[in-house]
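**Student:** What follows is a structure written as structure tokens; I'll ask about it next.
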Amino acid sequence: MAWWKAWIEQEGVTVKSSSHFNPDPDAETLCKAMKGIGTNEQAIIDVLTRRSNVQRQQIAKSFKAQFGKDLTETLKSELSGKLERLIVALMYLPYRYEAKELHDAMKGLGTKEGIIIEILASRTKKQLQEIMKAYEEDYGSSLEEDIQADTSGYLERILVCLLQGSRDDVSGFVDPRLALQDAQDLHAAGEKIRGTDEMKFITILCTRSATHLLRVFEEYEKIANKSIEDSIKSETHGSLEEAMLTVVKCTRNLHSYFAERLYYAMKGAGTRDGTLIRNIVSRSEIDLNLIKCHFKKMYGKTLSSMIMEDTSGDYKNALLNLVGSDP
């Protein structure tokens with residue numbers, strides 16, 4: 001399933017609205033869990049991981065009305081470490097959370113390009129517009145301008161190009177002649193000449209629809225006798241290579257892309273908790289069930305089994321609640 005369809009599929013949702021929902025008792029449960037000495041982490045997890053984002057916002061309003069305190073700030077003061085990071089992520093409105101992740105990726109010394117690439121390459125035009133709006137409201141600056149200030153060269157160009165959201169597939173129509181022309185242009189820009197015409201790659205990858213690009217990739221393979229991925233790997237390097245490959249992966253199959261992100265967040269020594277938290281939280285009400293199915297097919301183990309091996313304690317329990325039962 002390619003990226004432009006994935007966000008509308010109800011069967012993909014792992015965290016659904018709780019039936020017979022009433023925010024007031026939930027707010028009371030949270031208050032009791034954080035009252036006095038010690039914190040009942042499990043009670044917090046049981047409430048917040050089993051409610052939809054809309055319901056969590058209602059709980060936060062009820063908490064403020066009943067107890068005169070900001071729920072997120074109270075959670076921050078009572079929790080710590082990875083569990084705090086995960087629970088606080090759940091409390092953000094979805095677009096505000098993604099805006100925060102982008103802001104944090106550019107804050108301070110060094111830029112976490114991988115996070116910016118992941119978000120910009122995998123969201124639809126409407127989603128990107130909402131993220132840009134949330135970013136400006138929360139941080140008082142333009143996301144596009146901050147990306148331009150924080151990156152340079154061809155990486156800056158591809159990120160700004162992705163931010164325009166020109167890849168949305170509206171009609172599904174593909175002009176075979178244009179697809180062939182694009183494939184020939186990509187071949188001429190990379191394999192046929194010494195050096196690479198990066199802007200040609202960027203323009204085609206970032207401005208053509210997903211259905212069109214799938215046809216381009218087919219034609220390219222016939223002309224070059226190698227996949228577009230292999231050509232990108234041999235013609236580019238570093239963050240630009242990562243950005244181009246991410247566009248190709250998201251075009252071919254969005255769920256496989258996120259399955260891969262989650263797998264490599266846990267594979268090997270150490271866990272990339274930021275990647276794990278961001279992708280589980282942001283996809284839990286979109287397509288996490290479908291990502292889980294691809295994960296199992298690709299790696300021969302379930303996402304939840306890998307979480308159990310790689311994490312521990314309350315943090316593990318909270319992640320497993322969000323991921324839900326195995327496919």
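Heads up, residue numbers simply count up from 1 along the chain you see.
Using N, Cα and C of the backbone, Cβ positions are placed for all residues, glycine too.
Feature table excerpt (TrEMBL):
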- MET266, GLY268, GLY270, ASP310: Ca(2+) binding site (BINDING)
**Student:** Which chain-mates of ASP310 (Ca(2+) binding site) that are at least 6 residues away have a CB under 8 A from its CB, listed by sequence?
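**Tutor:** When sequence neighbours closer than 6 are ignored, ASP310 (Ca(2+) binding site) has MET266, THR271 within Cβ distance under 8 Å.
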**Student:** Centre the Cβ atoms of MET266, GLY268, GLY270, ASP310, go out 8 Å, and tell me which other residues of that chain have a Cβ in range of the Ca(2+) site.
**Tutor:** ALA265, LYS267, ALA269, THR271, ARG272
**Student:** Which residues, sitting 6 or more apart from GLY270 (Ca(2+) binding site) on the same chain, put a CB under 8 Å from its CB?
**Tutor:** none
